[in-house]
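Just below is one structure, and these are the notes that go with it.
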Amino acid sequence: MSPTTAEGPLPALPIAGMHDEPSTSSASSYSHDTRMKLENQHAEVLRPVTANPSRSGRRASSYLSWRHHQKEPFSGGGDFPQSFSELAIEEEKYEIENGVSRHGTSLKRKFRRASLTLMKGIVGRDRRSSETAVDYHDYRPTTAHSAWNRIRQATTFRHSKTSHGERAILEIIHSPLESSFPAHPVPGYGFSPPIIPQHTGAAAKAAAAIQNEYLAFTRHQYLSTDEFNDRESGIGIALTTSDAHSGAIASEDSAVIRVDFISELPQELSVQILAYLDAIQLGAASQVSRLWYRVIQDQYIWRQSFLREKTHTYATSLPVQPGVGAGVPPLRPGNDWQKIYQAREELDRQWKIGTQAHAVYLNGHLDSVYCLQFDENKIITGSRDKTIRIWDMRTLQCRLVIGPPEVVNETSILFDPNGKPIHYASSIDNHRFNPSVPVTVSFPVHHKASILCLQYDDEILVTGSSDSTCIIYSVKSGYRPVRRLQCHTAAVLDLAFDNKHIVTCSKDITICVWDRETGALLKQLRGHTGPVNSVQLRGNTIVSCSGDFSVRLWNIDSAKTIREFAGHTKGLACSQFSEDGRFIASAGNDKVIRIWDANTGECLREIPAHDSLVRSLHLDSVSGRLISGSYDTDIKVFDMESGEQILNFPRWHASWVLSAKCDYRRIISTGQDPKILILDFGADIPDIHMLESARKYEVACDAGFI
């Protein structure tokens, strides 16, 4: 019956090749209609069919008579089974061409057809009526990316097509090797698998065929576009990404031996291995299992990890030593190193944030506070009021006032007109707490003018004054004066000392080098043409800066300048020398901080820092932080390595910032206003006290005269 549409029956189409002679060129006869029929025929092959194909299927085969080559039925060639099929096709063609009805065939014709069917069954294989009537080689399992198979497919005549769509490419990839006798085993050639006949499982074959078509389509997406350029050498043969990596991954995965070394090794070895992890890695490892958690609680692991990760320094010759007050506690029994590590991690985080520093002011001085130094236990300050005051770092109370008798004997140095103590701590909102009444003392040897500079260690305290002298005090004997150093003819602006020398600089443009033990003057260095405002000492080398715009590097033995650093455009107020002697920092009235290479004299970094004169610099050689204080009332923190500003504390002082220093936990500064500012980054951190050294708790009340 003719197909119909909504408008009526479709007109009958002429059957190609029925009345015309077949063309000698297959390409010229490969019309659009023929191509559509071929695609339909290909789709029929993909569907399982019964042993009794429909007439329409048999009729379609007659359309392609020009593609079949006539062969003798019983020739000795390799197409013996196909010959009978072609005879059957020719018989059908003969019936159509001569108008013979299929229902009215003669007995002879029926007998001939039955004999052909019988011969095909004998030569081929037995086939049940329910089995799929398709050629085996169309569904023989193949390796899609077999190099030999793809080269063979590319050269076979059976798959040459003029259309290069996706289906044509898929057929080229998956077309199997044709066998003249598909019912018999055929050995594989090269890397091609052998052809092994399967006589059952029609449904499984059909499902496998559909699966192969799907895999072929997905794999084709990864093929190189120039795959067909070089078929002889096989260069164009490309492996799919999944095929290339799946084997390697499977091989690597099978080679990995997974062993819980914590459970297999002795705990001593496990502890040694885990000690190489940092805090974050240890925290993750402790969640693996209860056994891992229990082993990781070993204090040795956390101690070794802490000492490895937290003792690096920026500019010191050695790592941070435990118990020296640099944030690394002493190695003593009973330390909880896991809590120590956690406290240090949180402290480092607070330094990066900078907004959670706890601010406290210490009140008590009567005039500008020019200088300070501090440690974990105390703060020592020097002021224009001619006094030296010692403060307790823990209680924030003033414990001792040292000054001339006319100052310390006045009631106003301890109480205000209302009788309240003038020494107290206050918050940023002026809330007063921890008032104190310190001990006052005056010695025969004392300063008669402002205290401009000071430095101390465990044994001595040295102060310099506007009275042009320096005084050495003995810390262990209650800050009693030991001797006075006199040589300068003007105010002593700065000083520095080590275990051998004391170096002082003055407004008289000279630098003096003293013997620490005897107080004898060893050298007097001349070269600056302006007041020498700052000195630093490292071994046999001195760094100085002056109002003459220059920074100089001196040798103590020769008393001569080694190198001069030129670059500043105005007078200098402060300088710093790294502990390892590699870097010099200088700043002054040109508002710029310069970082110098001490060995070459090269200016490594120029940092526009403040809006006014930079009065104070402090270089923390452990952390690499550079603290600056300025007349613009700002305190800033810079990174020595990059020169970038890390933190800024603007207008925390009411007037000029005169001195600013830091340690691993705090920044403490003084200014023209008589207050001491403490910015504590560890005040709210649990167990922060565990980072402190094991030194004896030193306060002024331990002095012998109290």
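Including glycine, each Cβ sits where the backbone N, Cα and C put it.
Pulled from TrEMBL:
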type	residues	note
REGION	1-64	region 'Disordered'
COMPBIAS	32-45	compositional bias 'Basic and acidic residues'
DOMAIN	259-305	domain 'F-box'
REPEAT	362-401	repeat 'WD'
REPEAT	485-524	repeat 'WD'
REPEAT	525-564	repeat 'WD'
REPEAT	565-606	repeat 'WD'
REPEAT	607-648	repeat 'WD'
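Across the repeat 'WD' (485-524), DSSP classifies residues as 0 helix, 24 strand, 16 coil.
Per DSSP, the secondary structure of the repeat 'WD' (607-648) breaks down as 0 helix, 24 strand, 18 coil.
Helix first, then strand, then coil: DSSP counts for the domain 'F-box' (259-305) stand at 33 helix, 0 strand, 14 coil. Across the range of the repeat 'WD' (362-401), the DSSP-based residue counts are 0 helix, 23 strand, 17 coil. Note on the repeat 'WD' (525-564): DSSP counts are 0 helix, 25 strand, 15 coil. The DSSP breakdown of the repeat 'WD' (565-606) into helical (H, G, I), extended (E, B) and coil residues amounts to 0 helix, 23 strand, 19 coil.
Looking at the repeat 'WD' (362-401) alone, the prediction's average pLDDT is 97.
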